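Summarising the annotation, TrEMBL assigns domain 'YjeF N-terminal' to 95-311. If you look up TrEMBL, you'll see Asn145, Asn146, Gly147, Gly148, Asp149, Gly214, Phe215, Ser216, Phe217, His218, Gly219, Ser220, Asp252 marked as (6S)-NADPHX binding site. For Asn146, Asp210, Ser255, the entry in TrEMBL reads K(+) binding site.
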Amino acid sequence: MLSLVRKGRSSIMMSCSLFLTSFNYYSLPLLSHSHYNTLSRAPTLSRALAYPQPFPATMLPPGFRALSNNFSTTTEASGTMDSSVSVTYLSQRQAAEIDDTLMGPLGFSVDQLMELAGLSVATSIAEVYKPGEYNRVLVICGPGNNGGDGLVAARHLHHFGYKPSVCYPKRTPKPLYEGLVTQLEALSIPFLSVEDLPSDLSSDFSILIDAMFGFSFHGSPRPPFDDLIQRFVTLQNYNQSGPKRSVIVSVDIPSGWHVEEGDINGIGLQPDMLISLTAPKLCAKKFSGPHHFLGGRFVPPAIAEKYKLLLPQYPGTSMCVRIGKPPKIDISALRENYISPEFLEEQVEADPINQFHKWFDDALAAGLKEPNAMALSTVGKDGKPSSRMVLLKAVDKDGFVWYTNYESHKARDLSENPHASLLFYWDGLNRQVRVEGSVQKVSDEESEQYFHSRPRGSQLGAIVSKQSSVVPGRHVLHQEYKELEQKFSDGSLIPKPKNWGGYRLTPELFEFWQGQQSRLHDRCGLFPRL
């Protein structure tokens, strides 16, 4: 029997009164200020403040100080979902001062910052342009640090599943850059001369990365970069009714732009994506493309505090974050062209439970978030279906087990119609499993055993939670919880509520689904042996 891990979560539904839904976890529910809100149990990205507790001045490294007494930044609303969030925009001088400080008293080296910047560029691209559709990448690298960022990004994109090529016309004769070239050559990433580039870049490449010039660049671009920039401009002006053109991604500054004033003449490069590094430069205010990302999670809190940088929140462990207004999306055009190994009949286990274990183990090995999350669908006597996310807690030859309140909506449905379906979706593997069958309660002994294996806070939460019932407000839940916490503070056994326990779905049908290209998905339906 496979016993699955616990994770804490709560969900509530609030209209004019508060209704409790699933509450199997330690933390008490958080109410929304909206009149009607359901917090789903589906996995979501957790956003943490970039610098929730900045270093006070007394904690700054010895000798650390601002390099200018009149240092200032410009802020404006970022246009993210929280319109109150502001982002700092840097002048050319300010950006240089921060770089000097990073590589001075804070101990960063050029190659460290270049590695972090290149990784930020690659992850930003992967957020929007998936390798299944945007596979061929051309990185055009300039002679400075911006070009080095491009070289690093090419290496990471290769490991992400893209097929990058590099055009590096003016190579920098320094060990750092020579080492980056060697790393790419070891991966058999092709280097193309300007003369080798096709006349129509869109014919060979789906993504063009502009890593020619960064914020330290002055003056007008010289050959061959002036011509390369003009080719990008010509491409972006190509008749959109024709074949699909390459998307253009600029690293930190669209090449040819003034660092602070942007595209002064209005005839320059207009990239589809801008990836600002550390903090966006003033010219980024003039960027009008659909995708603006920031890669700057390497900025120490000391710098953020000293220079009063206002930076957006980064999701999870990501090296990049979207800033600016999210693009308007045509929902009908949202689609993923899945690339997966074939799921052949001869590979399928004869026993569908064994096949489920095999795929579940793959989901665990891939590090997917909450692989035991499943959509449970029930239908009551009124014939109206309802679905919600629950967590699988055990699976064996007898079926699939989860735990809940026996007075909840799903429990009422199951008492009227003891049949249900489960759906597991493992996005990272392009897989889903659908299971249908009859449902019955597990034994009191089994429920008791699992209940007392949970954290004590979760046990108290199960007592406090009266799912789908009306309560005056959150304060009532908090009060009841605190009273129980005090009552059992001596460590005595917490009794399992009579209205709480497990269900087991005995499978009658399995369907294993593997996403494939052009919607030609693999499906295999299996019936367990009786």
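Glycine is no exception: its Cβ is also placed from the backbone N, Cα and C atoms.
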Practice task
Using C-alpha atoms only, work out the spacing between Phe217 ((6S)-NADPHX binding site) and Ser255 (K(+) binding site) and round it to an integer in Å.
Solution key: 9
Fill in the blank from the handout: Here the Cα-Cα span from Gly219 ((6S)-NADPHX binding site) to Asp210 (K(+) binding site), rounded to a whole number of angstrom, reaches 17
Problem - For the domain 'YjeF N-terminal' (95-311), mean pLDDT (0 to 100) - result: 92
Exercise for the section: Would you mind reading off the Cα separation of Asn145 ((6S)-NADPHX binding site) from Asp210 (K(+) binding site), to the nearest angstrom? Expected result: 13
Practice task
Looking at (6S)-NADPHX and its recorded binding residues Asn145, Asn146, Gly147, Gly148, Asp149, Gly214, Phe215, Ser216, Phe217, His218, Gly219, Ser220, Asp252, figure out the farthest C-alpha pair and report it in angstrom, whole number.
Solution key: 21
Fill in the blank from the handout: Min neighbour Cβ count (10 Å) across binding-site residues Gly147, Gly219 flags Gly219
Handout entry: Cα-Cα distance linking Ser255 (K(+) binding site) and Phe215 ((6S)-NADPHX binding site), given in Å to the nearest integer
Key = 9
Practice task
Around the Cβ of Phe215 ((6S)-NADPHX binding site), how many other Cβ atoms lie within 10 Å? Please give the count over every shown protein chain.
Solution key: 24
Problem - Env. residues of K(+) site, Cβ within 8 Å of mean position of Asn146, Asp210, Ser255 Cβ - result: Ile140, Gly142, Gly147, Gly150, Ala211, Met212, Phe213, Gly214, Ser250, Val251, Asp252, Ile253, Pro254
Exercise for the section: State which of the following binding-site residues has the fewest other Cβ atoms within 10 Å around its Cβ: Asp210, Asp252. Expected result: Asp252
Completion exercise
The number of other Cβ atoms within 10 Å of the Cβ of Phe217 ((6S)-NADPHX binding site), counted over all protein chains shown, is 20
Problem - Cβ contacts of Asn146 (K(+) binding site) (under 8 Å, same chain, 6 or more positions away) - result: Ala211, Met212, Phe213, Gly214, Phe217, Val251, Asp252, Ile253
Fill in the blank from the handout: Whole-Å Cα distance, Ser255 (K(+) binding site) to Gly147 ((6S)-NADPHX binding site), is 11
Handout entry: Inter-residue C-alpha distance, Gly147 ((6S)-NADPHX binding site) and Asp210 (K(+) binding site) (nearest angstrom)
Key = 9
